Every structure is written in C-alpha cells, then in structure tokens.
Amino acid sequence: MSSTVRMIDIAVNFTDLMFKGIYNGRQCHAADIPAVLARAWSAGVDRIIVTGGSLQESKEALAIAETDGRLFCTVGVHPTRCKVEFEESGDPEQHFQALVSLAQEGIQKGKVVAIGECGLDYDRLQFCPADIQMKYFEKQFELAETVKLPMFLHMRAAAEDFCDILAQNKERFISGVAHSFTGSAEDRDRLLSFENLFIGINGCSLKTHDNLDVLRGIPVERMMIETDSPYCEIRTTHAGRQFVKSDWPSKKKEKYDHDSTVKGRNEPCFVRQVLDVVAGSKGIGDLERLSKVLYHNTCRVFFPSDLDTAADALLESGHNVQ
C-alpha cells in the first residue's frame, strides 16, 4: 500500500462490544483495539475519531481517545437514544449539563473535536419518537454553540426535518459532517446547500448502483471518508466492491488471529477501501491527491489548527482532482 496516502477515519465505534471480542453476548476473543490500531496506522490512517452516542459512551470514547495521540472523540446523544438519555433520566437539563462538562473536559485534554453523534433517525422510531428526536437534536446545537465545536451528524430517512432544523440553527454551529450518508440525490443536494456541511461516506453509502450515482454528484471538496466500524463494511455483494483494490486476510471470530481482521467486523484500516471506491466510481486516477483533499476537508472541520498548508494551496489554486 502507498505510504503517501494519508487518511482520517472520522467514525469508529470503539466502544462497541465487538472490539472487546464480544459478539451477541458471547466472548469469542480478547479485546483487540491495539491490533486494530496497528493495522490502521500501517494502512495510512493518521487519525481516528471515536464516536460517542450517549453520555456514558462519550465518557468511554474519551477514555479510549486518551490512550493514543492519534485518537480523538465526539460527545453527544444519538437520535435513537434521546428518549432514554434525556426524557427518562429524571432530569433532562442535568443530563445535558453533564454532556457540556464532559465536552469541556475533553476539549481541555485536546481530545473532543465534535458534538454528536446527533440528528434524526426515522428508520428506528421504535426506539425514540420523532418529536423527541427533534427536540433533543435542536438542544444539541446549544451544546455545540456553548463549546464552539463542529457537529457530527446522523440523518436517516429524515432529510426534510433534518434540513429544516439545520436551517433554523445554521448560525449556532461552525461546521459539521452528515456522516454515513445513504440518501437520495435530492437529499445530497439539500445537504450541499449548507456551505459549512460535509458528507461522510462509508460502506453503507456504496451498496447499490444508485448509491454510486449519488456519490458521483458529491464534490470531493465536500466529502469525508469513514468506516463507522464495526458496522458498514463493504461486502462482496455491494456495487462499490468492484473498485476495491486493497484487502486484508480475515478469519472467523471463533478462529481469531490478531494478525488478521475478523470476518464480518469492519475496522479502521478498511477506510482505504472506501477511498478506493470513491476514486473508482468517480474516475479519479490520482489516489494520493484525492486522499490529500479528503484529509484537508477533515482537518478544516475537526483539526483547524493543524491544516496542511500544502493541501490548502492545492485547493486554493482551483485545480480539480483527476
């Protein structure tokens, strides 16, 4: 693999039990984040953002981020968890203030880089009704405004309400990314109408030929890449798989080997496959240059004090990635 390709995986669920070796309640192997990280760094991943989806998960994400200088995290509440997290907490405002305090602590440690994962998910209303999701999606703009961080956003089957809330609160957040995007061309264009918003692409974004058509309409200057691991792998049945040029040996979880990936479990090194598919589906031959633009986009939002000046100059020159 090319050592000149630099990537940032903006979404890794390292708090998930699969990274502790637990699958469907059964311990199949020891916790293995160090081995997973070693593969990621070898693949050209420079940094990883660990996702927080609840107060407790955000605390765990921060603790994980503190174990390596290349790990960072988010603080927020996933839309499907807003009922339990806020409404059933006994004191929603106290719960919110605990999120504020955690975000401030993580910022002081140089680890918390975004508020989220927050947004709307109408595919899973059985976990939280739409009105409660909207209420606490809006509330988390207050959190982003208070701590002056970008937003890590989730939108699933809810583009109209999602974009309406974004529009109503557009002055309250500096920038953000709608991650794990699986929407239509219309959804894409609505998101792109917000100048400070980027679109996160992972395996779930690359399943069908329609998905790839939508992807082709996203300018690389408005895109980021991610795995959302341990979910959203690029499977052999997916339309995007034809463009994958990088792979790793894998073994079933029952036959775990720390030198191999776990079959069916996504992990950060596979962000390289997302890069492959973006390049292949958009007809981009220069993978290194593409990776630089995506890297720059990610730094611009989450690591603004560490922008790559060369990438800055490249973008300002107006040259398209080919």
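Backbone N, Cα and C define each Cβ position, glycine as well.
The feature divalent metal cation 1 binding site is assigned by TrEMBL to Glu117, Asp228. Taken from TrEMBL, the feature divalent metal cation 2 binding site covers His154, His179.
Cβ neighbour count for His179 (divalent metal cation 2 binding site) (all protein chains, 10 Å cutoff from its Cβ): 27.
Here the Cα atom of Asp228 (divalent metal cation 1 binding site) is found 12 Å from that of His154 (divalent metal cation 2 binding site). Every protein chain considered, the tally of other Cβ atoms within 10 Å of the Cβ of His154 (divalent metal cation 2 binding site) stands at 26. In the structure shown, across all protein chains, Glu117 is the one of the binding-site residues Glu117, Asp228 with the greatest number of other Cβ atoms within 10 Å.
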